[in-house]
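Notes follow the structure.
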Amino acid sequence: MNPLRTNRSWPSSGLYAITPDEADSQRLLERVKAVLGAGAAWLQYRNKRADADLRMRQARLLQPLCARYRVPFIINDDWRLAAMIRADGAHLGEDDGELAAARAALGADAIIGASCYDRIELAREAVAAGASYVAFGAFFPSPTKPHARVARPALLADAASLGVPRVAIGGITPDNGRSLVDAGADLLAVISGVFDAPDPASATRAYLSCFAPSH
Ligand SMILES: Cc1ncc(COP(=O)(O)OP(=O)(O)O)c(N)n1
Ligand SMILES: Cc1nc(C(=O)O)sc1CCOP(=O)(O)O
Ligand SMILES: [Mg+2]
């Protein structure tokens with residue numbers, strides 16, 4: 001496991017829950033509360049369908065909950081929103097702006113993640129530009145992003161020497177997650193497997209078993 005390079009003491013392994021495109025803010029809050037209560041390590045606020053106003057309101061609703069559970073609160077796509085509300089970090093993909101600009105705005109202690117898809121070179125560049133973690137995927141067919149590029153689990157081992165936590169994403173279930181942890185993933189990032197489940201708390205607990213020592 002690679003520790004996060006920040007002065008804050010955040011966990012650097014476990015379930016990284018990512019919110020779904022939920023318009024009903026109260027329902028979102030209840031489901032996130034269940035997931036954090038069941039032991040998710042990190043939360044990313046992601047809502048690709050919301051306008052800027054709803055994203056701001058939902059982010060402000062979830063932020064104190066994360067603080068209460070001592071779970072880092074990461075904003076997807078929009079480092080300016082993260083800076084405005086003083087979130088714990090931001091996640092940036094290839095269309096989401098310059099990582100160095102996000103680092104300059106958010107400061108040294110922010111968690112800034114970078115999508116690296118199926119490419120180790122992107123991960124090297126991201127770490128050089130100040131990324132706190134690198135994310136690879138999709139490892140399995142993703143109900144949320146059916147056309148995502150496909151990544152090989154061996155990438156996770158290739159990225160070990162980068163010295164930052166490695167996040168795996170894309171179609172991860174409680175049944176296939178352990179194979180990625182065994183391949184080197186520090187965090188498993190999941191949307192549908194957690195939030196489309198009838199009981200997100202028990203789904204969360206099922207993911208945690210991917211990190212338990214095997215007998
Ligand atoms: C942890 C994590 N990994 C990857 C992504 C995907 O980011 P991106 O490629 O920018 O795609 P969108 O999420 O913006 O659709 C992520 N959000 N989180
Ligand atoms: C947002 C996202 N990014 C991916 C990538 O490969 O970069 S896969 C993905 C969707 C993850 O959702 P689910 O857990 O429902 O498959
Ligand atoms: Mg993005």
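Going from the start of the chain as shown, residues are counted 1 onward.
Note: Cβ is positioned from N, Cα and C throughout, glycine not excepted.
Feature list (source: TrEMBL):
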- 15-194: domain 'Thiamine phosphate synthase/TenI' (DOMAIN)
- Gln44, Tyr45, Arg46, Asn47, Lys48, Asn76, Ser115, Lys145: 4-amino-2-methyl-5-(diphosphooxymethyl)pyrimidine binding site (BINDING)
- Asp77, Asp96: Mg(2+) binding site (BINDING)
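The binding residues for 4-amino-2-methyl-5-(diphosphooxymethyl)pyrimidine are recorded as Gln44, Tyr45, Arg46, Asn47, Lys48, Asn76, Ser115, Lys145; their greatest pairwise CA distance is 17 Å. Rounded to a whole number, the C-alpha distance linking Lys48 (4-amino-2-methyl-5-(diphosphooxymethyl)pyrimidine binding site) with Asp77 (Mg(2+) binding site) is 9 angstrom. With a cut-off of 6 Å between Cβ and the nearest atom of ligand 1, the binding-site residues Tyr45, Asn76, Ser115 reduce to Asn76, Ser115.
Each residue contributes its Cα atom, and for Arg46 (4-amino-2-methyl-5-(diphosphooxymethyl)pyrimidine binding site) and Asp77 (Mg(2+) binding site) those atoms are 8 Å apart. Proximity of the binding-site residues Gln44, Tyr45, Asn47, Lys48, Asp77 to ligand 2, judged by a Cβ distance under 6 angstroms to any of its atoms, singles out none of them. With the fewest other Cβ atoms inside 10 Å of its Cβ, the least crowded of the binding-site residues Asp77, Asp96 in this structure is Asp96.
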